[in-house]
Structure formats: C-alpha cells, structure tokens
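Step one of this worksheet: look at the structure below.
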Amino acid sequence: MPDVSPPKPSTLPGPYLPLIPSLANPILQAELTERINGKTKPLGALGQLERLALQLGMIQNSNQPNLSQPQICVFAADHGLARHGTSAYPSAVTAQMVHNILRGGAAISVFARQHVINLQVVDAGVATDLPAHPQLLNHKIRHASRDALTEPAMSDDECMAALKTGMAIVRQLPGNILMVGEMGIGNTSAASLLLARLGKLPLSACIGRGTGLDDAGLSHKEHILTQVLARHTNACSPFAALAALGGLEIAMMTGALIEAASQRRILLMDGFIAGVALLVAEQLAPGVCQYAVFAHQSAEPGHRHLLALLDAEPLLQLQLRLGEGSGAALAYPLLQSACLFLSQMASFKDAGISEQAQ
Ligand SMILES: Cc1cc2ncn([C@H]3O[C@H](COP(=O)(O)O)[C@@H](O)[C@H]3O)c2cc1C
Ligand SMILES: O=C(O)c1cccnc1
C-alpha cells in the first residue's frame with residue numbers, strides 16, 4: 001500500500017538518552033596546562049599533540065591520562081537506497097567485506113592487529129544472514145534498511161532499537177577508548193543526506209564519489225539524493241532525520257557514541273560516515289563531541305564541511321576514503337604518544353634546565 005498519510009514527526013523519547021557529563025573543570029585545565037608547559041621543550045612545541053594531551057586529561061579527569069583496552073567496533077549494514085545505483089559497488093560487497101574483516105584481511109583487520117586494538121564486527125542490518133564467528137555480534141535489526149526514496153529507511157521502532165543496541169553494546173565493552181567503524185555499501189549516501197539535513201547544508205556540498213563513482217555516477221547520485229530529501233521534508237529533528245534517511249549502522253554507531261561519551265570514554269573518530277553518526281549523536285545528546293578526537297580528514301568532500309561544523313581539528317590528512325575505522329586505528333599511536341609525553345617526559349624542574357627563553 002502506498003504511504004499516503006502525512007508522516008508524523010518522529011520524536012525520540014528522552015529518558016532513553018543518558019546525560020553527557022560536562023568537561024568544564026578550570027582547576028584541572030590549569031593543572032594540565034602547567035604540566036604540559038613545564039615539559040622540556042619550547043613552549044607549544046608539541047603543537048596539536050599538546051591540545052590532544054589536554055583533552056585526554058580532561059576526559060579522564062586526570063593529569064596522567066592513559067589508554068586501556070582499546071576497542072574498535074565495525075558496524076555493518078546494507079541500504080535499500082543502494083538499489084538505485086548510488087554506489088560504484090553492489091550491496092553484496094558488504095557481506096563479503098564482513099567475511100574479509102573477520103578473516104583478518106581487511107585494512108581495519110591489519111591496522112587493528114598492528115596496534116593491538118580489539119576488533120569486533122556488529123551485524124546491524126546486513127542484507128544476508130552471516131555465519132556465526134567469535135568476533136561477530138549479531139544485532140541485525142532487519143535485512144538492510146528500506147528504500148529511502150519511497151519510505152523512511154527505518155521505522156521509528158527500528159531506529160530506536162538500533163540506537164539502544166549501540167548503547168547496550170558499549171556497556172558490554174571494556175576499555176576507556178572507543179573507535180567506531182562501518183561497512184555498508186551505499187552509506188556515503190545516507191551520511192550525505194543526514195549531513196545536508198542536520199547540518200543545514202546544500203546537498204551538493206555533502207556528496208562525493210564514495211567508493212569511486214565517475215562523473216556520470218556522481219550526478220546520478222545527486223539526482224537520487226535530491227529526490228530523497230524532497231520525499232522526507234518533514235524529517236527535521238535529529239531522530240526523524242536518522243530514521244528517514246537512515247543507515248542501520250549509522251544509527252547503531254550513534255547509540256554507541258552516546259553511551260561511550262556518557263561513560264567518559266575517549267571517542268577516536270574515523271572519517272565521514274562515523275563523523276556523521278557523531279553529528280547525530282551530538283544533536284540527540286549535546287556534549288558528546290567534547291569526548292571526540294578527530295583522527296583524520298577524509299577525502300570524501302562532505303567531511304571537510306562536517307569538521308568545520310563541529311569545529312574539529314583532525315590529526316591526519318592522508319586522503320583516506322575508506323571507512324571501516326581505518327583512519328582511527330592509524331591515529332591511535334598519536335594518542336598513545338600524547339599520554340606518554342605527559343607521564344614520562346621530564347619537566348624543566350626535574351631536568352634542571354633553564355625554563356626561560358632569551
Ligand atoms: C571493497 C570495499 C571495501 C570497503 N571498506 C569500506 N568501504 C566503504 O565504502 C562504502 C561506502 O561507499 P559507497 O557509498 O560509495 O558505497 C562503505 O562500505 C564504506 O565502509 C568499502 C567499500 C568497498 C567497495
Ligand atoms: O570517510 C569515510 O568514512 C568514507 C569515505 C568513502 C567511503 N567510505 C567511507
């Protein structure tokens with residue numbers, strides 16, 4: 001039956017969302033700043049690493065932050081909208097890549113192994129059923145999101161279930177630092193739609209080639225996504241936009257980020273798709289962004305606008321356009337270095353070196 005009734009605006013029942021603790025703590029901030037400035041280096045010479053160390057200290061409410069039991073969760077799902085040719089690859093690649101990740105052959109498998117980061121894959125909504133695997137959590141909400149060109153990608157109940165599942169997954173995870181990644185053919189489209197709607201940006205600034213569309217593919221993608229936005233003009237609140245424009249993996253990542261921030265975990269953010277989940281999380285639960293460290297700036301053009309919107313300073317510029325959490329894993333050692341310089345570097349006082357510049 002065609003959906004003829006006017007869509008009712010979706011609202012997220014508030015009590016499900018935890019409060020995000022504020023990081024404001026002027027005393028600790030002054031203490032950390034003095035500690036950083038007192039290290040044996042010219043003032044400010046560790047640049048962005050100094051701001052990173054300060055942020056990590058504030059997140060952990062400590063002047064000696066440390067990283068323990070780092071976790072990467074790769075959320076996987078398919079997209080009904082992908083049937084309109086919005087990706088250079090077919091949806092079948094999502095499940096194939098999940099197998100590849102679990103076998104240890106994907107980029108994220110390699111980088112997680114390299115940096116000794118625990119890796120799990122979550123089936124949030126892959127189109128096919130996946131065989132059981134010790135590193136695979138089966139939380140399939142449905143077999144792929146619905147086709148957002150004709151109906152909301154998720155019902156309110158499905159979207160809520162995805163958010164709550166993401167939160168529950170994090171409650172079961174150890175560690176004080178979370179990286180979220182994703183695998184879902186067609187998810188640059190969902191992310192672009194969400195960024196355009198929630199960031200109030202023109203769609204043209206939010207779209208890109210994703211897995212490698214050519215010029216004709218890119219204009220076809222823009223044509224389809226323009227129609228999707230027009231189909232869902234009422235989906236303006238963060239929850240309504242998330243449900244309508246979708247991505248089961250994006251919704252589950254959003255829940256995971258909210259829960260992790262509420263527990264004062266560090267959120268080491270990957271690229272464009274994960275970044276859009278953070279935008280949704282911030283709008284649903286203001287304050288989440290205080291916990292985010294931005295690993296890199298993706299080559300997907302919308303990411304630059306997203307980072308500007310979030311006033312974010314990415315650590316790396318590697319022209320990555322992969323997702324999976326790969327950029328977050330690559331940046332992880334920088335966070336280790338930020339913690340180590342704070343705990344191990346000598347101060348001018350310890351080393352008996354004159355602190356005064358000429
Ligand atoms: C082999 C392969 C591995 C990937 N790993 C991540 N992605 C990335 O590309 C997809 C998004 O781009 P689009 O919207 O154009 O489909 C997502 O699955 C994302 O994780 C991959 C894509 C492919 C093809
Ligand atoms: O930056 C990302 O997250 C990204 C970019 C292109 C394709 N998949 C993911």
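Glycine too: its Cβ is placed from the backbone N, Cα and C atoms.
Automatic prediction, not curation, is the source of TrEMBL annotations.
Among the features that TrEMBL reports, active site, proton acceptor is placed at Glu324.
The secondary structure of the residue listed as 'active site, proton acceptor', as reduced to three states from DSSP, is coil rather than helix or strand. Other Cβ atoms within 10 Å of the Cβ of Glu324 (active site, proton acceptor), summed over all protein chains shown, number 28.
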